[in-house]
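Features reported for this protein in Swiss-Prot:
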BINDING   SER6, GLY7, ASN8, ILE9, SER157, ALA158, GLY159, PRO160, GLY161, THR162, ARG163, ALA164, ASN165, ASN284  NAD(+) binding site
ACT_SITE  CYS126  active site, acyl-thioester intermediate
Amino acid sequence: MAIIGSGNIGTDLMIKVIRRSRILSMGAMVGIDPTSDGLARAARLGVATTADGVEGLIHMEQFAEVAIIFDATSAATHRENAARLAPYDKRLIDLTPAAVGPYVVPPVNLGAHIASGATNLNMVTCGGQATIPIVHAVSRVAPVVYAEIVASISSRSAGPGTRANIDEFTETTARAIEQVGGAARGKAIIVLNPADPPPLMRDTVFCLVGDADHGTIRRSVKEMIAEVSTYVPGYRLKQDVQFDRVDEPMRALLRDTTGTVTTKVSVFLEVEGAGHYLPSYAGNLDIMTSAALHTAESMVRGGDSSQEFGI
């Protein structure tokens with residue numbers, strides 16, 4: 001496999017592959033800055049590198065053996081990379097908000113996309129990976145007419161790629177809340193928290209529902225958190241799921257075809273990073289790289305899981 005993007009996300013993903021994966025191996029690390037720490041670390045670890053971007057990757061001798069390519073660049077760059085790589089029959093895992101391919105949130109729809117043979121899978125956003133499982137957990141037991149998520153991350157964990165993709169973050173996450181999470185309408189907000197010491201990633205999920213059994217929703221949410229934590233150990237519920245009666249009309253938030261709202265469900269999450277390359281407060285980046293690694297390994301197992309997967 002290869003990683004395009006030698007910044008924080010790409011480098012953390014490389015470290016995860018080397019340390020954690022038994023069925024993936026690093027074939028190449030691709031960047032555009034020959035002085036980047038990510039390329040230097042890759043070289044020290046014996047990984048082939050190029051600072052010539054996707055063109056450099058295509059011309060590397062390892063390219064023929066690469067089956068899966070992670071793209072950890074930016075939304076605009078991924079669109080260019082996907083077009084350039086299209087003739088080569090590679091499977092792409094997109095860690096940008098470009099959404100060239102279908103949205104993937106592993107515990108919700110990964111199996112379906114692997115079965116369909118999709119070759120470009122989009123990992124939505126860090127906020128999407130943290131919150132869409134919760135929206136789905138609620139919507140699978142009670143219709144969600146509106147869902148709103150707020151992702152609060154440390155400013156120190158927001159590199160140039162994250163900052164350049166703020167608009168794409170909100171748009172992509174909101175669409176995925178609807179298409180993957182199952183809400184009739186979705187909204188996403190991101191907050192860059194400048195506090196020092198840097199805080200852990202915090203996520204808030206609000207779902208508007210009709211009359212529903214609180215115990216059923218609570219159990220569904222806890223089951224989903226347990227599932228996500230199998231590949232993101234630092235993913236946890238910060239406090240009990242809360243239910244508030246809605247008495248005022250919510251017409252401004254609802255679409256015409258949605259039903260009656262009687263209850264607001266509030267879920268408060270915390271994501272602590274594993275500290276493989278990035279500090280533990282960068283849970284927003286850790287959940288993306290962990291979800292991407294889980295996706296790649298699942299793609300391989302969906303083929304022939306009895307064999308080790310090479311480059």
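Every residue, even glycine, has its Cβ placed from backbone N, Cα and C.
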Open item on the list: Measuring Cα to Cα, how far is SER6 (NAD(+) binding site) from the residue listed as 'active site, acyl-thioester intermediate' in Å?
Closed with: 18
- [ ] Just name the most isolated of the binding-site residues SER157, ASN165, going by other Cβ atoms within 10 Å of its Cβ.
- [x] ASN165
TODO: For each of the binding-site residues (SER6, ASN8), count the other CB atoms lying within 10 A of its CB, then report the residue with the highest count.
DONE: SER6
Task: Residue pair GLY159 (NAD(+) binding site), CYS126 (active site, acyl-thioester intermediate) - Cα distance, angstrom, rounded - done: 13
TODO: Starting from the Cβ of ARG163 (NAD(+) binding site), draw a 10 Å sphere and report how many other Cβ atoms land inside it.
DONE: 11
Task: Cα distance (Å, whole number) from SER157 (NAD(+) binding site) to CYS126 (active site, acyl-thioester intermediate) - done: 12
Task: CYS126, GLY159 as recorded positions, winner by CB count within 10 A - done: CYS126
Task: Cβ neighbour count within 10 Å of GLY161 (NAD(+) binding site) - done: 19
- [ ] Tell me whether ARG163 (NAD(+) binding site) sits in a helix, a strand or coil according to DSSP.
- [x] helix
Open item on the list: Through the lens of DSSP with three states only, how would you label SER6 (NAD(+) binding site)?
Closed with: coil
